[in-house]
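Novice: To start, I am sharing the structure in question, which I have written as structure tokens.
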Amino acid sequence: MEHKEVVLLLLLFLKSGQGEPLDDYVNTQGASLFSVTKKQLGAGSIEECAAKCEEDEEFTCRAFQYHSKEQQCVIMAENRKSSIIIRMRDVVLFEKKVYLSECKTGNGKNYRGTMSKTKNGITCQKWSSTSPHRPRFSPATHPSEGLEENYCRNPDNDPQGPWCYTTDPEKRYDYCDILECEEECMHCSGENYDGKISKTMSGLECQAWDSQSPHAHGYIPSKFPNKNLKKNYCRNPDRELRPWCFTTDPNKRWELCDIPRCTTPPPSSGPTYQCLKGTGENYRGNVAVTVSGHTCQHWSAQTPHTHNRTPENFPCKNLDENYCRNPDGKRAPWCHTTNSQVRWEYCKIPSCDSSPVSTEQLAPTAPPELTPVVQDCYHGDGQSYRGTSSTTTTGKKCQSWSSMTPHRHQKTPENYPNAGLTMNYCRNPDADKGPWCFTTDPSVRWEYCNLKKCSGTEASVVAPPPVVLLPDVETPSEEDCMFGNGKGYRGKRATTVTGTPCQDWAAQEPHRHSIFTPETNPRAGLEKNYCRNPDGDVGGPWCYTTNPRKLYDYCDVPQCAAPSFDCGKPQVEPKKCPGRVVGGCVAHPHSWPWQVSLRTRFGMHFCGGTLISPEWVLTAAHCLEKSPRPSSYKVILGAHQEVNLEPHVQEIEVSRLFLEPTRKDIALLKLSSPAVITDKVIPACLPSPNYVVADRTECFITGWGETQGTFGAGLLKEAQLPVIENKVCNRYEFLNGRVQSTELCAGHLAGGTDSCQGDSGGPLVCFEKDKYILQGVTSWGLGCARPNKPGVYVRVSRFVTWIEGVMRNN
């Protein structure tokens, strides 16, 4: 019984109806606390262990951990504020929230933080001390009031809040300045609001975050473990003006909630800078001119541009005067301009490069997921593994080794310089039984990675992995066989079914011919006198014969055993470059094997498409506007080059067209003959019906479209793009309400990354567990890779029922 059983026990307990006491704890799986003051007790369940922590009278129990294998309970006086957390199997650590919190609720009667100075800066006297003041309240007289050390407390329920006796003989006591918890109120824009309000400003009931009804959305709690998306409580996961929620009214997708502002000062946002560090959210300099030289509009002004980025709506962002700021998480400080024709622009802020930057500041907290589809493996205990897998056995993303969020740790590149602790890749720096990582889920400290152990014949990735290529299925095997009609056959059979030797393709005796020669068909493999199928004959490979009385005859080439290729699993590892189609990355050949080139009958590429089964291609309906006739189109499969097609490509006519009946921008093409599934031609997987891709999920687009003069034109290109929740995409400054529920947005709001003309109809695929799933069909956009204008894609999951019905009935 290992880690998974700890998880199972925890889930069973939380769902048992008796788990309410655990609401007062923060739990972390796979974490153990180094404790000096502790008790080891037997306990049959987590519930029993929690009860022992509550009942203990020898010391104040601030945390407990439960070991599932031994059914052992350890209650402890320490927590993460006073001790260190280490990684351990088969254990769940529970820490009381009240002792972790440094804020107060109400008058702070239950405050158990560690503030030990008054609001006037005087150090507090210890509660157990009698000097300089003899206390009325002490640990002996009030043992249940948490009178520890010299921490501020409120043992007498004073309406003014926590206080303490002071070390100043002239001042007996003074009040402490304790921050209000964001349970009954909010600081700033409520990004950390943790309360239970679940109605909107107009009184509508909130929809639960883990529900997709009545409104489908991308804020899935399991994908955003640090956003505290509990039940149907108002939250602010996307830098809105204040907490909000999706509503239970089908006619109102979302609305802001009416959360009062806290009366105490907000928490510190960290150091501020007069230069640009990161995205400049803490920039507090005085630059007030944009990159184009426009003067900034005052944040408090509404002319010439009306807006809601006001000092009142963003009280913690220092929107002073007309200085450039970044209140909403854009890529750099910006401002509205005084030019009525230019709503806003970024500002040119000098960089802080000369100042020291910590490793933690530079490290991304959740880098893009890079789990290989062509799964690599590890030898032994995996200490030598240097692959790029970055997901755990349960599908969680790995935390960067150089980051301390959400888990603080000592396994850093500096402390383990030879362990290959790069990015967030799975590693084994401490000789565990296999590669592992800290996770981006605050409640799960670490997990083993989703990697297999190498068999005796497999090679582990011990350096940055090269392109992984399987043998070309058209390469002659020992059996010298063919796929489909054998158009791609390149074997060395050279006799017909009757045993007659074949005539050389370059020869003109005994039979003269001019159509099928190495010169006229350079891509058909017309070598020597080998059997070939240059014209795609349904009878299979053939040749001109050496019998003067027989012009040609077929060859006896057996079919190859059908290869077993699962949907969504390319046999060449994709590059997964964070570049862009416009100015972006050339893909590894055949790493996106479902990519289709939709062409005119004359062979001109004009749209993309996606192979979803051997006989069916999905594309955009607007790609078929020029002609309703299937004969006007054909598809190319297995290509990397737009022109000068490779020998192995498959060219198939289209037999039928199916447009989505409600005129959405999606269409199905039925092929005249099934595609041959090879290592270069593999369908993408369809999503579950009505599945919603989580906000900020990293997905990929591919195509041969317009590259605006950048390198790699004519080769298949790829780009990695984050999905943007429709709620954000429909904001005024982005696509202003144009995106429908049957569509999704993806792109970098800073611009420079997008699909362009010629990519229409092509795939947007997202990696899930161990395969790529087709989530979008490239549909439309405002321009090409423009700032604040992400691309729009048809949401495939909304049409899966229609797609499957058409394929089943035709």
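Note that Cβ sites are derived from N, Cα and C of the backbone, with glycine treated the same way.
Marked as disulfide bond by Swiss-Prot: Cys103-Cys181, Cys124-Cys164, Cys152-Cys176, Cys206-Cys245, Cys234-Cys257, Cys296-Cys335, Cys324-Cys347, Cys398-Cys437, Cys502-Cys543, Cys531-Cys555, Cys699-Cys766, Cys756-Cys784 (among others). Taken from Swiss-Prot, the feature domain 'Kringle 1' applies to 103-181, supported by sequence analysis. Positions annotated as region 'Disordered' by Swiss-Prot: 126-145, 396-416. Swiss-Prot lists 275-352 with the feature domain 'Kringle 3'. For Ser597, Ser688, the entry in Swiss-Prot reads phosphoserine.
What does the local environment look like for each feature on the list?
Specialist: Secondary structure at Cys181 (disulfide bond), as computed by DSSP, is coil. Around Cys181 (disulfide bond), the same-chain residues at least 6 positions away in sequence with a Cβ under 8 Å from its Cβ are Ser101, Cys103, Lys104, Thr105, Asp194.
Residues within less than 8 Å, Cβ to Cβ, of Cys124 (disulfide bond) and separated from it by at least 6 positions along the same chain comprise Ser116, Lys117, Thr118, Asn150, Tyr151, Cys152, Cys164, Tyr165, Thr166, Thr167, Cys176.
Counting only same-chain residues 6+ beyond the ends of the region 'Disordered' (126-145), those with a CB under 8 A from a CB of the stretch are 153, 155-156, 164-169, 172-173.
Reduced to three states, the DSSP call for Cys152 (disulfide bond) is coil.
Annotation note: Cys206 (disulfide bond) sits in a strand segment as assigned by DSSP. Taking Cβ-Cβ distances under 8 Å and a sequence separation of 6 or more, the neighbours of Cys206 (disulfide bond) in its chain are Ser198, Lys199, Thr200, Asn232, Tyr233, Cys234, Cys245, Phe246, Thr247, Thr248, Cys257.
With a 10 A radius on its CB, Cys234 (disulfide bond) counts 24 other CB atoms from all the protein chains.
Mean predicted confidence for the domain 'Kringle 3' (275-352): the pLDDT average there is 93.
In the three-state DSSP classification, Cys335 (disulfide bond) falls within a strand. Under 8 Å, Cβ to Cβ, and six or more positions away along its own chain, Cys335 (disulfide bond) finds Ala288, Thr290, Cys296, Gln297, Trp299, Asn322, Tyr323, Cys324, Arg325, Trp344, Glu345, Cys347.
Secondary structure from DSSP puts Cys347 (disulfide bond) in a beta strand.
Under 8 Å, Cβ to Cβ, and six or more positions away along its own chain, Cys398 (disulfide bond) finds Ser390, Thr391, Thr392, Asn424, Tyr425, Cys426, Cys437, Phe438, Thr439, Thr440, Cys449.
In sequence order, Ala494, Thr495, Thr496, Asn529, Tyr530, Cys531, Cys543, Tyr544, Thr545, Thr546, Cys555 make up the list of same-chain residues 6 or more apart from Cys502 (disulfide bond) whose Cβ falls under 8 Å from its Cβ.
Classification of Cys531 (disulfide bond) by DSSP places it in coil, neither helical nor stranded.
Mapped onto three states, the DSSP output places Ser597 (phosphoserine) in strand.
Within the same chain, the residues at least 6 positions away from Ser688 (phosphoserine) whose Cβ sits under 8 Å from its Cβ are Ser797, Val800, listed in sequence order.
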Novice: Sorted by position, what residues of the same chain at least six away from Cys699 (disulfide bond) have a C-beta under 8 A from it?
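Specialist: Expected: Val693, Gln720, Leu721, Pro722, Val723, Ala746, Leu764, Val765, Cys766, Phe767, Gln775, Gly776.
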Novice: Specify the secondary structure state of Cys398 (disulfide bond) as given by DSSP, simplified to three classes.
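Specialist: SS state of Cys398 (disulfide bond) = strand.
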Novice: Which residue counts does DSSP give the domain 'Kringle 3' (275-352) for helix, strand and coil?
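Specialist: Reading the DSSP string over the domain 'Kringle 3' (275-352) gives 0 helix, 16 strand, 62 coil.
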Novice: What number of additional C-beta atoms lies within 10 angstroms of the C-beta atom of Cys766 (disulfide bond)?
Specialist: 22
Novice: Around Ser597 (phosphoserine), which residues of its chain at least 6 apart sit with Cβ under 8 Å of its Cβ?
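Specialist: His605, Gly608, Gly609, Val635, Ile636, Ala639, Glu642, Trp704 - these are the non-local Cβ neighbours of Ser597 (phosphoserine), listed in sequence order.
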